[in-house]
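Taken from TrEMBL as is:
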- B:17-396: domain 'tRNA-guanine(15) transglycosylase-like' (DOMAIN)
- B:Asp94, B:Ser95, B:Gly96, B:Gly97, B:Phe98, B:Asp174, B:Gln220, B:Gly247: substrate binding site (BINDING)
- B:Asp94: active site, proton acceptor (ACT_SITE)
- B:275-281: region 'RNA binding' (REGION)
- B:299-303: region 'RNA binding' (REGION)
- B:Cys332, B:Cys334, B:Cys337, B:His363: Zn(2+) binding site (BINDING)
2 protein chains.
Amino acid sequence: MAAISFEIKEKIPGKLGRTGVLSTLHGEIKTPAFVVVGTKATVKALSPEQVRDLDAQVVLGNTYHLYLQPGDELVRDAGGLREFMNWSGPTMTDSGGFQVFSLGVAFGSEVNKFSQKNSTKEAHKSNEQARLAKIDEDGVTFRSHIDGSEHRFTPERSIEIQHNIGADMIFAFDECTSPHAEYEYQTEAMERTHRWAKRSLDFHKNSGMSDTQALFGIVQGGRFEDLRKESAQVIGKMDFDGFGVGGSFEKEDIDTAVGWVNALLPEEKPRHLLGIGEPLDIFGGIENGVDLFDCVAPTRMARNGTLYTKDGRMNILNAKYVNDFLPIEGDCGCYTCAHYTRSYVTHLFRAKEMFAATLASIHNLAFIIGLVAKIREEIANGTFFELKESFLERYYRSKV
Amino acid sequence: MAAISFEIKEKIPGKLGRTGVLSTLHGEIKTPAFVVVGTKATVKALSPEQVRDLDAQVVLGNTYHLYLQPGDELVRDAGGLREFMNWSGPTMTDSGGFQVFSLGVAFGSEVNKFSQKNSTKEAHKSNEQARLAKIDEDGVTFRSHIDGSEHRFTPERSIEIQHNIGADMIFAFDECTSPHAEYEYQTEAMERTHRWAKRSLDFHKNSGMSDTQALFGIVQGGRFEDLRKESAQVIGKMDFDGFGVGGSFEKEDIDTAVGWVNALLPEEKPRHLLGIGEPLDIFGGIENGVDLFDCVAPTRMARNGTLYTKDGRMNILNAKYVNDFLPIEGDCGCYTCAHYTRSYVTHLFRAKEMFAATLASIHNLAFIIGLVAKIREEIANGTFFELKESFLERYYRSKV
């Protein structure tokens, strides 16, 4: 008995995209779905009820963070992630790979998971911490970003930690490279990721946890078509419950790379695009066969006062909103837009009140979750491309 | 037609204490009641729905803060405080006096509104900012703590600002002295407060706002019995809708001073003890005839990880709670205790997650609001003193 089952419903004609239902032991997920990130067993600034009221279907915790704080054994003793954080629905954890490497390997400044604004800071951090992670065939030794203490992840250790955290869906341990890595290193890292995938899978199956936790394998290969295809074939043949596509590519390469991979992965299993979730990426990913996305961007941007609207992003700290008594977006319908004005939200940000982050996060998550729900609907209606065109034309108009 | 009406229900035999119902244009308040503080038009870390679910009956905004940020005219243009912050129940504002003076006059280090822990810091702030406020017969000139800009409050200006903010209950502008002030200065300040009370009342009545906003006069007089009594008689004779007792006394003097005052104030009007709300003070205040309390202590302490329990205060950051999977208080029944463990709450504080402040604030407010509700019940049952004795014996046991 597998921990999850996946049923495909409708497809985008001539494309890899589809809608479906992913059933877990703790509820169903209508796909495509945006996975809300709750890094340290809390979706920042929100209660689980506020998250649920957004029609969020699934929460992802970060293995690296939870391992360091409060510790995976503590989460296990608390009854697992769901029980610990009071989230009643399905949960996922990542493998910890991305965080271990992003704190260790010298990533370039344009890794697409970091916003352009933060690129210099992140690049600086990467340089500063480049000596903090050391990779070998068996695993990775790294230092905690909290206290500098030394730790080691191997594929087996990552899975063991994820067993302790106890999410419904977990990921094989992978090596997450820079999108700027050369072909030779990308090949080496990919091949190691394949060996680690097999070790992760073996450890998972031998632990007898397959009935309660689904394991996803991760496809790597960077920006190189032959590597992506090779990785999809190798990982796709392993007995995983689903697949992740490692997000180590330039923004403009996402669609193509995802398409290469998903054309080769077994059609009947769910696919997760790791760490990606901006509107353009969501349309491209779904069109190319992605079922699940997770991304911190909507909530991180929200906490900085950057809000999504159908006409593009709005910086609510702009002085013009001080006396603006309209909602953030008139036809939005989220809790924030139903009850508060731009004037109130900018006041809360200016006054450094915590409720600012709550209201902004609610709006941005409602925007993304609502957009993905709308995409599901339009795929079912056979009008995905009409939605894509009209949405993106309006959203990116200001940038053209 | 007055903006509020007040009906006394039951009394504590042989004492000034009573239960009642205070009716405002935006709902009824069962008294005694704890007034939740929403300084800058938000109860820190909570949504209005979370505040409502605590059975909070009324929210108090701070005039000084709202005047500076976002500005009282903006709050007026937004439809008033309730509309601006999405709070559907009754509201109050203070006069701004306490903040103007606490940022200006050289308060001693034991002003009871500042916790002992903060006394040195507050005393330092007071010294540093002693030159920032200048008082004359007409009013007070002060500098903003935000940007140093110069501002002036007079009784008329304070009332005008409170009209703009638009709360159901507002306060006359008073001079809030240090509890250490000498008799001579306390007398001078009290007499000025009386003249300012009359000017506040005249301005309020002439503005035609009496039908929609109730004005409370403030009794001062510090720790001196004759001054407190004189102030209660002078202010009590003025045509206010209710009365505030200025909280400028040592902690141990609260009961006596409040008793002196409330014995003389008109019985049929509601009385508010300004800025006080620790358990011991609540019992003492209610016994001595107080109907309303406001205090930032429960939420401020919560944000620092100090939680109320029936056995006294708990510092949730203590290492012993890391692996403690009990609720903060087993028989509490608040949202936090119903769904989360001490382990989870200390994790959120240690991880510096915003939801820590939310969960802690919910617990502390539920504790205080629940305690005041219990006191109302026991007054009705004629068992107030039994409750007081058993509660305080248990709560303060650790300190004896």
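Heads up, the Cβ atoms here are built off N, Cα and C, so glycines get one too.
Please treat TrEMBL annotations as automatic predictions, because they have not gone through curation.
Outside the region 'RNA binding' (B:275-281) by six or more residues, the chain places 34, 98, 112-113, 247, 251, 254, 293-298, 308, 368, 371, 391-392, 395-396 with a CB less than 8 A from a CB of the stretch. Report note: the Zn(2+) site is defined by B:Cys332, B:Cys334, B:Cys337, B:His363, and the residues of the same chain whose CB lies within 8 Å of the CB centroid of those residues, excluding them, are B:Pro327, B:Ile328, B:Glu329, B:Gly333, B:Tyr335, B:Thr336, B:Ala338, B:Ile362, B:Ala366, B:Phe367. A distance of 36 Å separates the Cα atom of B:Gly96 (substrate binding site) from that of B:Cys337 (Zn(2+) binding site). Reported as a whole number, the C-alpha separation between B:Asp174 (substrate binding site) and B:Cys334 (Zn(2+) binding site) equals 37 Å. As a summary of secondary structure, the region 'RNA binding' (B:299-303) carries 5 helix, 0 strand, 0 coil according to DSSP. Other Cβ atoms within 10 Å of the Cβ of B:Cys332 (Zn(2+) binding site), summed over all protein chains shown, number 19. With DSSP classes pooled into helix, strand and coil, the tally for the region 'RNA binding' (B:275-281) is 3 helix, 0 strand, 4 coil. Every protein chain considered, the tally of other Cβ atoms within 10 Å of the Cβ of B:Asp94 (substrate binding site) stands at 31. Taking the C-alpha atom of B:Gly97 (substrate binding site) as reference, the shortest distance to any of the binding-site residues B:Cys332, B:Cys334, B:His363 belongs to B:His363. A straight line from the CA of B:His363 (Zn(2+) binding site) to the CA of B:Gln220 (substrate binding site) spans 33 Å. Of B:Asp94, B:Ser95, B:Phe98, B:Gln220, all annotated as binding-site residues, the residue with the shortest Cα distance to B:Cys337 (Zn(2+) binding site) is B:Asp94. Residues belonging to the region 'RNA binding' (B:299-303) score a mean pLDDT of 97 in the model.
Cα of B:Ser95 (substrate binding site) to Cα of B:Cys332 (Zn(2+) binding site): a span of 35 Å. In this structure the C-alpha atoms belonging to B:Phe98 (substrate binding site) and B:Cys334 (Zn(2+) binding site) are separated by 32 Å.
In this structure, B:Cys332 (Zn(2+) binding site) belongs to neither helix nor strand by DSSP; it is coil.
Around the Cβ of B:Cys334 (Zn(2+) binding site), the same chain contributes B:Leu54, B:Ile362, B:His363, B:Ala366, B:Phe367, B:Gly370, each under 8 angstroms and 6 or more positions distant in sequence. Under the DSSP three-state reduction, B:Gly97 (substrate binding site) is assigned to helix. Rounded to the nearest whole angstrom, the C-alpha distance between B:Asp94 (substrate binding site) and B:Cys332 (Zn(2+) binding site) is 31.
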